[in-house]
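Residues or ranges marked as domain 'J' by Swiss-Prot: 5-70. Under the heading zinc finger, Swiss-Prot lists 134-212, citing sequence analysis as support. Here Swiss-Prot flags CYS147, CYS150, CYS200, CYS203 as Zn(2+) 1 binding site, drawing on sequence analysis. Residues annotated as repeat 'CXXCXGXG motif' in Swiss-Prot: 147-154, 164-171, 186-193, 200-207. Look at Swiss-Prot and you will find CYS164, CYS167, CYS186, CYS189 tagged as Zn(2+) 2 binding site, backed by sequence analysis.
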Amino acid sequence: MSKRDFYEVLGVSRDASERDIKKAYKRLAMKFHPDRNQGDDTAAEKFKEVKVAYEILTDAQKRSAYDQYGHAAFEQGGMGGGGFGGGGADFGDIFGDVFGDIFGGGRRGGQQRAQRGSDLRYNMELTLEEAGRGCDKEIEVPTLVSCDPCEGTGAKKGTSSTTCSTCHGQGQVQMRQGFFAVQQACPTCHGKGKIIKDPCNSCHGEGRVHKTKTLNVKIPSGVDTGDRIRLSGEGEAGEHGAPAGDLYVQVHVKEHNIFERDGNNLYCEVPVSFTMAALGGEVEVPTLDGRVSLKVPLETQTGRMFRMRGKGVKGVRTHSAGDLIVKLIVETPVKLTKRQKELLQEFQESFDGKDAKKHNPKSEGFLSGVKNFFDDLTK
């Protein structure tokens, strides 16, 4: 089966700069990385192919040889006796150089370090009251914790791991590939450099066991949907004493039946009777801290907005509270008695006459506008 062109594998031109090659490699390595495609053999093969292409094209000598001889430069017997001499070149491990600690750090030229524990995510649903005021929440998180009997070493108590005889503790072995020496993880110790001959009975040599942890999470006031709270070191335990990962609490705030939230401001609608709207008065308004009184001015129209400063949500960083915006909705009375209807009719008749306009300015203005509109149409 023929091998694909390395430039084609990375999707770059033959005159691509090293920066362009690194950029393409980052994108493809993240796409096909085994951690993201567990159980997908095709993705694993593509990841290997991408990695080899990157190793060749980012080394000036190897790239020059590839441009001149193609894949033959790296096959046994390729290029005859020419090339780079008998010393060969060490591929090392370029993965850590490119991604740093994104995938747990590099391992160039030495023993593979025990891997840091994985980060975990916990989805937490909060009420608006909890998010607005802040609260303490107790959560249970299934995770991997350090094994107590062996203290995370993986070896039975009273014993210890021994140096791998295959790689002599280096965690890597050297393989010949054409004219080059390629460093690979030791197949005996899987890159750790140590062998556990007498594994712990509790964790079977893993150094970690499954457990459900109970944690208390302090929720600061002002959090909102999409916010994350980081609990350092509360993720999965690391391998054989390596640092633990972190736990990220993902916040989702439930919809409220009274308030709508926009940043640190709250909005609500408060119904008032038409008599209160006309004559003025006071109405109780709900807030996150309890009920407060709002003064309704004379002749208030429906939809009028009132700002109650400091009655919103406290900011996570600023700690200053937003405002509560109250929209008054004037209610039309329903299920009237005969007497109430008579009184309203008398009330309506009292508006008739030359003073009607001043009692209903918006209605009169609207009717006047409608009349002018139709007059213009008939011209």
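Using N, Cα and C of the backbone, Cβ positions are placed for all residues, glycine too.
Keep in mind the model is a prediction, meaning the values are calculated, not measured.
Positions of Swiss-Prot features highlighted on the structure.
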residue : record                : DSSP class
CYS147  : Zn(2+) 1 binding site : coil
CYS164  : Zn(2+) 2 binding site : coil
CYS186  : Zn(2+) 2 binding site : coil
CYS200  : Zn(2+) 1 binding site : coil
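When the Cα atoms are compared, CYS167 (Zn(2+) 2 binding site) and CYS147 (Zn(2+) 1 binding site) turn out to be 27 Å apart. Put simply, CYS200 (Zn(2+) 1 binding site) is 23 Å from CYS186 (Zn(2+) 2 binding site) when counted between their Cα atoms. Of all Cβ atoms in the protein chains displayed, 22 besides its own lie within 10 Å of the Cβ of CYS203 (Zn(2+) 1 binding site). With a 10 A radius on its CB, CYS189 (Zn(2+) 2 binding site) counts 25 other CB atoms from all the protein chains.
Secondary structure of the domain 'J' (5-70) per DSSP, as helix, strand and coil residue counts: 48 helix, 0 strand, 18 coil.
For CYS164 (Zn(2+) 2 binding site), the same-chain residues that are 6 or more apart in sequence and have a Cβ closer than 8 Å to its Cβ are GLY171, CYS186, THR188, CYS189, LYS192, GLY193, LYS194, ILE195. Over the repeat 'CXXCXGXG motif' (200-207), the average per-residue pLDDT in this prediction is 89. The Cβ of CYS167 (Zn(2+) 2 binding site) has 22 neighbouring Cβ atoms from other residues within 10 Å, across all protein chains displayed. For the repeat 'CXXCXGXG motif' (147-154), same-chain residues at least 6 beyond its ends with a Cβ under 8 Å from one of its own Cβ atoms are 160-161, 196, 199-203, 205-209, 237, 240-241. The Zn(2+) 2 site is set by CYS164, CYS167, CYS186, CYS189; from the centre of their CB atoms, other residues of the chain with a CB within 8 Å are SER165, THR166, HIS168, GLY169, GLN170, GLY171, GLN172, VAL173, PRO187, THR188, HIS190, GLY191, LYS192, GLY193, LYS194, ILE195.
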